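Here is the structure we will look at.
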């Protein structure tokens, strides 16, 4: 017998998502603490940060998550079971999302690492609860994109913390650290793809690395061409479907 998520949980999920969208919009419209998210990012100039257009992915994520939340109100019995299993984890992820935004705008950068880690872990739990259910339908699509992008953002956030504390060229030049981060992230994504066969998660990294190349190709060749190579490798591997115990997207 399937567990049915309460109407209260469905409404809270919808409210939490609405809060995220509203707070993110107001944070840049007001702006929060007198500065936009983009202006802080530009000032820090973290080498892992992609070109501005790449962040348009948030519009895609919000649209997909709106559909994901609304689907709960019209879910099939098998999908109801998945939503019930997720419980309040999605609301927890929303809390971490908003918390990160406030910490970032007030430049409490060490705190942002804790917040984004909480967001990443929350989405990871949701991802696995959906991914391991063979009757998930399309419920994983929004979470794959969101989880992938938060993974990219988490790596960038490490760069934010280091740069804000003057640690950019420790032992080796900052461009080498960034190139190594891109290589390590690419290796992790390849392993993740071999394990899960998740095309969308991988494509998020292709999008991000292409954006890093676009942002850096005229100033930091090592970072730019490492990002370009990583994007190409990740894209090509999508044509080789892995053997996985998970059902693919």
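Glycine is treated like the rest: Cβ placed from N, Cα and C.
Automated prediction, rather than curation, is the source of TrEMBL annotations.
According to TrEMBL, the feature transmembrane segment maps to 53-70 (among others). For the transmembrane segment (53-70), the residues of the chain that approach it from at least six positions outside its boundaries are 10, 13-14, 17, 20-21, 24, 38, 139, 141-143, 145-146, 149, 204, 207-208, 210-211, 214, judged by C-beta separation under 8 angstroms.
The transmembrane segment annotation in TrEMBL covers 82-102 (among others). When Cβ-Cβ distances below 8 Å are used as the criterion, the transmembrane segment (82-102) is approached by residues 2-5, 9-10, 12-13, 16-17, 19-20, 23-24, 27, 32, 37, 72, 75, 112, 115-116, 118-119, 122-123, 125-126, 129-130, 133, 135-136, 139 of the same chain, each at least six residues removed from its ends.
Per TrEMBL, transmembrane segment is recorded for 108-127 (among others). Outside the transmembrane segment (108-127) by six or more residues, the chain places 86, 89-90, 92-93, 96-97, 99-100, 140, 143-144, 146-147, 150-151, 153-154, 157-158, 160-161, 164-165 with a CB less than 8 A from a CB of the stretch.
Remote same-chain partners of the transmembrane segment (139-162), defined as residues 6 or more beyond its termini with a Cβ less than 8 Å from a stretch Cβ, comprise 41, 44, 46-49, 57-58, 60-61, 64-65, 67-68, 71, 79, 82, 104, 109-110, 112-113, 116-117, 119-120, 123-124, 126-127, 130-131, 168, 178, 181, 185, 198, 200-205, 208, 249. What TrEMBL lists as transmembrane segment is 139-162 (among others).
Distant neighbours of the transmembrane segment (174-193): 47-48, 151-152, 155, 158-159, 168, 199, 201-202, 205, 209, 212, 220, 222-223, 226-227, 230, 233-234, 237-238, 242; these residues of the same chain sit at least 6 beyond its ends, with a Cβ under 8 Å from one of its Cβ atoms. Marked as transmembrane segment by TrEMBL: 174-193 (among others).
Here TrEMBL flags 200-217 (among others) as transmembrane segment.
What TrEMBL records for 223-240 (among others) is transmembrane segment.
Cβ atoms under 8 Å from those of the transmembrane segment (200-217) belong to residues 47-51, 53-54, 57, 141, 144-145, 147-149, 151-152, 182, 185-186, 189, 192-193, 223-225, 227-228, 230-231, 234-235, 237-238, 249 of the same chain, restricted to positions at least 6 beyond its ends. Tertiary proximity for the transmembrane segment (223-240) is limited to same-chain residues at least six positions away from its ends with a CB under 8 Å from its CB atoms, namely 47, 175, 178-179, 182-183, 185-186, 189-190, 193, 199, 202-203, 205-206, 209-210, 212-213, 215-217.
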